[in-house]
Structures are given as structure tokens and as C-alpha cells.
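In what follows, a single structure is set out as C-alpha cells and then discussed.
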Amino acid sequence: MKKTTNEIRDMFLNFFVQKKHKIVQGSSLIPANDSTLLFTNAGMNQFKNIFLGKTTTDTLRIVTSQNCLRTGGKHNDLDNVGKTPYHHTFFEMLGNFSFGDYFKKKSIIYAWELLTSSKWFNLDKSKLIVTVHNNDDETYKLWLNLIKIPQHAIIKIGKSKNFENDCDNFWQMGQTGPCGPSTEIFFNPNHNINDTKKLITSEIITSEFIEIWNIVFIQFNRIQNKSLIPLTNLSVDTGMGLERIASVIQKVNSNYEIDLFQILIQKILSLTNINNPNIKSVRIISDHIRSSAFIILENVLPSNEKRGYVLRKIIRRAAQHGLKLNINKPFLYKLIPSLIQSMGHYATTLKINQNKIQNIIKTEEINFSNTLEKGLKQLQLNIKNIKNGTLNGKKIFYLHDTFGFPIDLVQDICQEKNIKTDIVGFKKEMKKQKKRSTSHNNFIIHDNNYFVTNYHSIFKGYTLKEISGNVQAIYKNQKLSNKLICGELGIIVLDQTSLYGESGGQVGDNGILYNQDVHFKVINSKKYINTIYHEGKLIKGEILIHDKLISKANLNRRLLIQSNHTATHLLHAALKKILGPHIVQKGSFIDDTRLRFDFSYNQPILLETLYKIETLVNYKIQQNIPVYTQEMSLNEALEKKIISLFYEKYKETNTVRVVSISNFSHELCGGTHTFNSGEIGLFKINPKLNKISSGIYRVEANTGLFALKKIQEQEQQLNTIASLLKTNIIHLKKNVQMLINHTNTLKNKILTIEKENNFKLLNKLQKKIIFIKKTKALIYVLKDKDIKSIRNLTNELKNKLKLSIIVLISTNNKNFSIIANCTKELSKKIQAIKLVNLLIKNNQGKGGGTVEKAEGGGEGIIKNINKFLIKIKLWIQSKL
């Protein structure tokens, strides 16, 4: 009987538990405190700081099963999905790790035992080969002499005689840092080693071999000059794709034939008239629905940025392949029950969040359908007007930015028509947009890269207004310094401080550091890892390392900040109460003047709903309920389902700080807060709710006197408007409605007059029609008509008089406009854009359009208008 994928996962974990490893839960798909990765792409990600030496662990032997996503960067499997039997965007990586415990010998013994023992995976030894780095003689000899693998089945990879990153058998985390050689194990399901001697060369392993395990030996530290320094603490990092080893053990030809995929694939086939499960589109859909569901479990929503863009791209790519299978309606959401049936035993949160996942995917499918309809029309128009065989980057960016049209879909459609795509130009436009949309950072501390992180600051400002601390570090001109003298700007690090360092969305404190001889004005405080940096200017004296300074925060500002922070917690709880518990915080910003809160929600939010939320927060403020903090273990917080934006950053923490507002709100939080809700005074939401991306809303609000000021400003505006209308606020709505009605009446009268005038003008223009070589044309100059009027007139002329060529020019003493139209049949000879260019060329104007329709204009009077009309007629005559 075949082993199931779930059984294979359990066997791997149990094997290493017997080898005294501790099972550690896989980390979130969203890496904690790692800006270099959008998604977790390997089992080692959560142990990165251990490998880098930033943190330590008492557990020296660890085994994990890690959900991974590879859709971009160095590890991008997106383009290979469906093309090869073994690549996925989402997969599970099994791994065992040693941090300063066993090294090469035991790693290899363990791997061989698990793979070949009849008690475990029981693979045929004669079908296995291994690769080693060209210079790793130790590993080579272990395979040859200890494991007894035939010499021709051990392949040396790499040309260098030294340990260099010149092949797949050398791994490094970055340009510098921990690194080392690796050994990889391959399986050939069709032949034994002796049969495949001819297929193996010194550095080429044919596609018949399946890579099933990669074992990395971290034994060096690469420094800035690229030298390799041997490490005293040797580590092992291994990775084995669960789906891939399952295909080997279950003796099937691809990962898509294992039990995990078969339920999904059969469901996909049931939605089509296709019986072949090996079609590329079927495989892509089965892969992408897994990725989509697990990304949504991380509270990511489809958008045009970062993780949201990846999710959108995957869902839309799957939907696009559905179209290739003649599935023309939303269908991906219907696959979720089959995914739960397949993976629900392992990932129990799939079932809990089933409705949420289905709703998000269905909404995105509908949005994609609308996007396709609008975007395809624009794309077809762009393709029609291409002259050089390339769709330029600006046009691609417009499709992406305006319609959310997928770039890979643009490329696919253009490729089918043998049209190149200017992706370089598109990326330039994207960079310009990022510069436009990036708000300027108001803080002087811009770059944390030069900070030394082996200092530890303790924040004592929760209970103490002032506290004395020792100077641990001084920064001047982005470098460590021994002293700071009067008048200089710098950054001071104390071992303990009463000033809060910016973190968790709350801005940092300003204030002073002082003693009898020193006065340092703190402009800003910022927290980086475990250190609080006080930035400012030395007003008096000088500061040396180990000096004692008293820290004192600007308490008036602090009180305003903590009112806004507590109000943010109340707002979060009110949103969950009124909109539903599924809303998820996506970010926040809290300073002394306002608060901002971003959250995910997939439905429209009415103004009356905002008022309900605002009312509930103010009700809790009026109740004057206590705000209290307590410390507990992370496990206890998880059990109590206490809210946190980033659980991952607490994984290495023994205790967490919980801020509670009676029984209404409980959150993990390190910020400062009021002692009771009544201190907030008043809460006012800005009624203009911003939707910052697809499914992400932003609420802005004020508290206390700032809220009162907002209300007074709004009331003042209403009084000003009422005064202009010679009424009062009570009757303002009635008077505004009367004004609107009167305006609409006038507009209708103007429209009637314009129609009458246009009718007369049409009759007049009908008499001005000429024939140029039997082609029906109208070339005429109008007085004082704006471009919109000419545009409407042109459309009416086309529809009623069936003209082949229309050129209408409007002119006055200040500017001129021109519109030209040609029929599709005639546009091969006469191009509308060229007719426009004939006029604007000599009159310093601007214009644009297509071969069928174009318009332009400029300032000033047209020179020699009559000669120009003759020139147009002669030009048309020469082309017919």
C-alpha cells in the first residue's frame, strides 16, 4: 500500500525525533523582521539570525516542515510551474538542522539511513547518486568510504580548486556572511547507477535524475574582501521538498500525480470537458490555488503592491489558464473545499477560514474578468497602432496602473502576435511612480545600517518620568565616536531611558538628556532591534562614553501620543465588533496630532457605518474604563487569542506585554497608553475614508482638543457656506438642494439651445460637403467652439452624413483646435494624425491620436488659414 504524503511528512519528523531533534513549528509564510524577503522560501529562513550569529539557541538539533513560496528573486519557480513535473510556487520543505552539534559525518549517515532503510523510505540504493563540491574532499570520502557509494555515482561539481560560489554545490546567504559547500542527493526512477554511467559526466546530471535532498555544511564566514574565514561553530542546514520525495516514494511520474494533488486535479477536470490531467493549464491551476489559499491565510489581500501583487498575479494567472480550458466564469473559489479535503488534516486553519478564502478569491476573479474586458480593448487598440513591432513601456505601464492588467498577460498576448514588449521602459515608469508615491520621512535617522547592534537599552518610561542612564555609545556623522562637543549633532545610546523609541507604529519621544554640566536636546528617539537611539543636538557641555545622563521626555507631547495610541486600540476593537472579527490590521501610525489605522476589508463601508464605529469608541471613552498591562508567555497570549500585528517577531521572546482596555480590547503592544479611557476625552474620525489598495482601508482620526478643533473647523465651513446662501446651518441642506435644482434647470436650457444651434449648424455643414476624387469629405473652419463641442459635432456628422474624411477647425483670437477623422477603409491612404500634424506643425501646437481619429490645438491665431485649407485638400488629393 502506498504511503500518503501526510505519512511521509510524519516519517521524516519522527526519524529525526528519534535522532534527538526537537520539532519546531514552521514559521509564517511572511518572514518576521526580514525586509529582504517577501515570502518564506526555505526552511532555514526562521533560523537566519542564528546562522548570522545575531541570536543563539539552546536547542542544537531541530527538525521542521516549512511552508514555502517561490515566486520571485533568486528562487523563482513561477515560470517553471506546469512545464516541469517537479516545480511549484507553494510547497513544503522538510529540513533537519544542527547548530554546533553534528556536522558532515552524521548528516550523511542520517540522510542515507532515512532514504534507504527498509524501516523508513526504503529507496533503491542503486538508483541514487550524489554531488559534492569539487574541493570538498571530506564529503567525497564519506560517501565513498563510509556509505560505500560507487565512485562513478559521486559527481564533483565546480571548477575551482578552492571553495568558491561557482556552482550549485556552494551555498551562501548573501555577499558576506555564513556559507559553505553542499552535497545533493539525486534519484533516477528509471535506471540503476550502472545503467546510467554514460548519462553522467563530471558536471552534468541529465533531466532523468530528480534532486531530492540538499545538505549544506556551513563552515565559513565570507568577509568584505571575499576571503573565507573558517567558523568555530559549524552548522548544518538541509532541505527536502515534500511533494518531490512523495512522488519518488509513491512511484509516480510527477509531483502532480501524488495524492495531495489528485483530489484538486479531479475537481478541476470536473469543471471542464477535458479528461487529461497532465495538461499544463490544469497543473498550473492546481498549484496556484494552493499558493493563493495559503497566502490569504497570512491576511494578505490582492493588490498592486508587494505581497498583494504576488497574490493578485497568482490568482489571475490561474484564472487566465481557466479561460484556456474554456472556463469562462469564476471557478477557482470552488476548488477550496477540495483543497481542504486534500490538506485540511495538516493545515487546520484552511477549514476555519474557508469562507474568507473563497470570498477573496471569487471577488478577485470577478475583478479580473472586468479588468480583462477593459484592458483587452485598450491593449488591442495599442497593438493596432504599433509601428515598430514593440509595445512601449509607457503603454504597458498605463495598462498595469489604470486597469491592473497583468504584465505577464500583456507579454503572452503580444508574443502570440509576434510583438515585442518594452519591459525595461515599463520598469522605468514603475520606478517613477514609486518616487511619486513615497512620502518623505520626517525623521533625521534614515539609515540603520551603520548602527552597531550589541548595545541594549531598557525603556523605563512606562512608570518613570525621569531616569539616570550610562552613555553606551555616541554616533557622530554616522560613525561611532568617543565624545560629542557643544553645538554638534549626534546620536546618544543609554543603557536605560525614559524616552520611548519609535516602534509599533508609535512615534518616538523628544525631550532632553542632561546633568549638571550637560544639556542635549533630543529631536527624536528611534528603536532598532534592542537599542534606543536618541538623536539631537548638544546645547551645553560635552558628552563622553560612560557619562551619566538623566533622560526626560516631553510629557505634554507624550500624553497626546498615548491618548492616540489607546484610541487606536479602541478603534481596532470597534472595527472588529461592527465590521466583523475577520478584519485584520495592516499597519498604523500614531503621533501627537493624529492616528492612522490600516485594515483589510473586502466590502464597501458606508458613512453611517463609520459613525457607528466612532460612536462606539466615544461610548467606551465616556465609560472611563481602566487600561492595564500585564506580562505573559507567548503561548498563553496565543491561547487567549490576543491580537497582534506581527506574532512572528515575538517567537524568540519568553514574555510578551499585553495591553487591555477592560474586556473590550486585548493586544500585544510595547507602546505607551493612558491609565483609563476617559483621558482621551473625544474621538473624531475623518469621514473621508481612503482605500489605499484593493481591500485595504485607511482610517484617520483625532482625539481630545485636536478632535474638537476638527469639529469646529467643519462647523465654521458650514456656517460660511450657509452665510453665502443667506441661510443658517439648519436650513442649509434645503437651500443647497434648491440651488442644485436651479442649476440643473439652467443646464437643461443650455443643452436645448446647443442642440438647436447644432441642428442649424449640421444643416449648414451639409451644404459644405465636397468630393475629392469621389471621396466624400468635409473641411471647415468654425468660430469659438471648444474641443468638446467639435468632438460631439464630429460624431454626429459621422453618424448622419457617412463622411469618409472630416477636418474641423475652431479658432479665435487666443487659441485654435482641430479634429480629424477618417474611415477605417480609407486610413491606409489618409491618416487622421497626419492631417492634424499638417496644421500644428507650422503653428506651434500639440496633437495626438491614431490613423482613424486625431485631435490637436495650440495658442494664438492660425497663420494663413485659407492657404492651409487648400494645402489639406491638395494633400488628400495626392494620397487618393
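For all residues, glycine too, the Cβ spot is worked out from N, Cα and C.
TrEMBL does not curate its annotations; it predicts them automatically.
The domain 'Alanyl-transfer RNA synthetases family profile' annotation in TrEMBL covers 3-713.
Marked as Zn(2+) binding site by TrEMBL: His565, His569, Cys669, His673. With a 10 A radius on its CB, Cys669 (Zn(2+) binding site) counts 25 other CB atoms from all the protein chains.
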Item checked: Number of other Cβ atoms within 10 Å of the Cβ of His565 (Zn(2+) binding site) across all protein chains -> 26
Margin query: Test of understanding: give the count of other CB atoms lying within 10 angstroms of the CB of His673 (Zn(2+) binding site).
Written below: 25
Check: How many neighbouring Cβ atoms, not counting its own, are there within 10 Å of the Cβ of His569 (Zn(2+) binding site)?
Finding: 26
Notebook entry, point to check: For the recorded Zn(2+) site formed by His565, His569, Cys669, His673, which further same-chain residues have Cβ atoms within 8 Å of the site's Cβ center?
Noted result: Gln562, Thr566, Thr568, Val627, Val659, Glu667, Gly671, Thr672
Notebook entry, point to check: Any idea what DSSP makes of His569 (Zn(2+) binding site), helix, strand or coil?
Noted result: helix
